[in-house]
Amino acid sequence: MRLRGKKGTRDELERQTDLIVLDPRTYKGRWAQRFGNGNPIHVELGMGKGRFITQLSAQNPDINYIGIDMFDQLLHRGAGKAVKARAEHGRPELNNLALVLFNIEHIEDIFAEDELERVYLNFSDPWPKKRHHRRRLTHPNFVRKYIRMLNNNGEIHFKTDSEMLFEFSLNSFADLGLRMRNITLSLHRDGNPAFNVMTEYEAKFVEQGKPIYRCEVVIGKAALDRHEEALAQADKPAEKPADKPADKPEGNSAVQEP
Ligand SMILES: C[S@@+](CC[C@H](N)C(=O)[O-])C[C@H]1O[C@@H](n2cnc3c(N)ncnc32)[C@H](O)[C@@H]1O
C-alpha cells in the first residue's frame, strides 16, 4: 500500500483519543475496560483504509471492534470512515471501535490470553518469496499467537485473492490440527453473499474479476461444539408430517428394495 505522508497527521491522531490508540500495550488484558463493557472483541489485523472494520462496527453495536495497522495515514483514513459509517447508520454515538497503530509481529504484547473472540485476516500481504514465508500472517508462528488470544468462542476468518497464500494458509491451519469450515475458492461466484462486508482490496479484485478465497477456522471449544451441532442437524433426514402417508415406491409395488 503506497502512502503519501502528511504533516500534522500524528498530531491529529493524538487528538482523536475516542477512536485512535497509539499506546496499545497499556490495554493488554484491559480492552473491556477501554470499551466500558464485556462485549466480544473482534480484531482485523492489517485493516488498511478501514472500510471493513468501520462498516462492521456501525452494523453491530454489541460487538467491540479493533482495527490494527502500522501506518499513521491509514489510521487517519480509518477514523474518517468510522465517523461517516456511524452517521450513515444513524448511530453517531457508537463507542465500539478502536483503531490501533501497531506492528502485528508483536501482537502478543497487546492482547492477553482469551481476550478476543474473532481475528479477521483480510488480504494480508502474501510475501511471495519463500525466504519471507515467516512474515505471512497465517504462518504457524502467528497462528499459535492468535490461538492463545482467542477465547472459548474463538474463530479466525480469512480471505485473500492470493492462491499461493490460501494454499499456504490451509496447510498452516491443518498442520496445527485446526478445524476449518466454509472453505470457498470463489466467494463471489454467485454475487456478494449477504453476510460479506467487502474490504477496499476485495472491491478492487472483484471488479477485476479475480476469485476471492475464503475460509473460517474454528478454534474455541464452544465454537467447535456449535459447529458439530450444526453439522449433526444438517445431517438429519427431514421429518415427514404425521398425517401424511409414507411415500409409495413408484411403479410395480412388488419390486422392493431389499
Ligand atoms: C494488502 S493490505 C490489505 C488491507 C485491508 N485489509 C483490505 O483488505 O483492504 C495489508 C495491510 O496490512 C498492513 N500490515 C502488513 N503487515 C503489518 C504488520 N506487521 N503490522 C501492522 N500492519 C501490517 C499493511 O500496512 C496494509 O495496510
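Glycine residues also receive a Cβ, built from the backbone N, Cα and C atoms like all the rest.
Features as listed in TrEMBL:
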- GLU44, ASP69, ASN103, ASP125: S-adenosyl-L-methionine binding site (BINDING)
- LYS129, ASP161, THR199, GLU200, TYR201, GLU202: substrate binding site (BINDING)
- 229-250: compositional bias 'Basic and acidic residues' (COMPBIAS)
- 229-258: region 'Disordered' (REGION)
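Positions of the features from TrEMBL, shown on the structure.
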residue	record	DSSP (3 states)
GLU44	S-adenosyl-L-methionine binding site	strand
ASP69	S-adenosyl-L-methionine binding site	strand
ASN103	S-adenosyl-L-methionine binding site	coil
ASP125	S-adenosyl-L-methionine binding site	coil
ASP161	substrate binding site	coil
THR199	substrate binding site	coil
So if I take the binding-site residues (ASP69, ASN103, ASP125, LYS129, ASP161, TYR201) and measure from each Cβ to the nearest atom of ligand 1, which come out below 6 Å? ASP69, ASN103, ASP125, TYR201
Between the binding-site residues THR199, GLU200, TYR201, which lies closest to ASP125 (S-adenosyl-L-methionine binding site), Cα to Cα? TYR201
Between TYR201 (substrate binding site) and ASN103 (S-adenosyl-L-methionine binding site), what is the CA-CA distance rounded to a whole number of Å? 20
Restricting the comparison to the binding-site residues LYS129, ASP161, THR199, GLU200, which residue's C-alpha is spatially nearest the C-alpha of GLU44 (S-adenosyl-L-methionine binding site)? THR199
Same-chain residues six or more away whose CB lies under 8 A from the CB of GLU200 (substrate binding site)? GLY48, LYS49, ARG51, PHE52
Could you check the binding-site residues ASP125, GLU202 and say which one's CB has the most other CB atoms within 10 Å? GLU202
Fewest neighbouring Cβ atoms within 10 Å among the binding-site residues GLU44, ASP69, ASP161 goes to ASP161
Within a 10 Å radius around the Cβ, which one of these binding-site residues has the most neighbouring Cβ atoms: ASN103, THR199? THR199
If you measure between the CA atoms of ASN103 (S-adenosyl-L-methionine binding site) and ASP161 (substrate binding site) and round to the nearest Å, you get 23
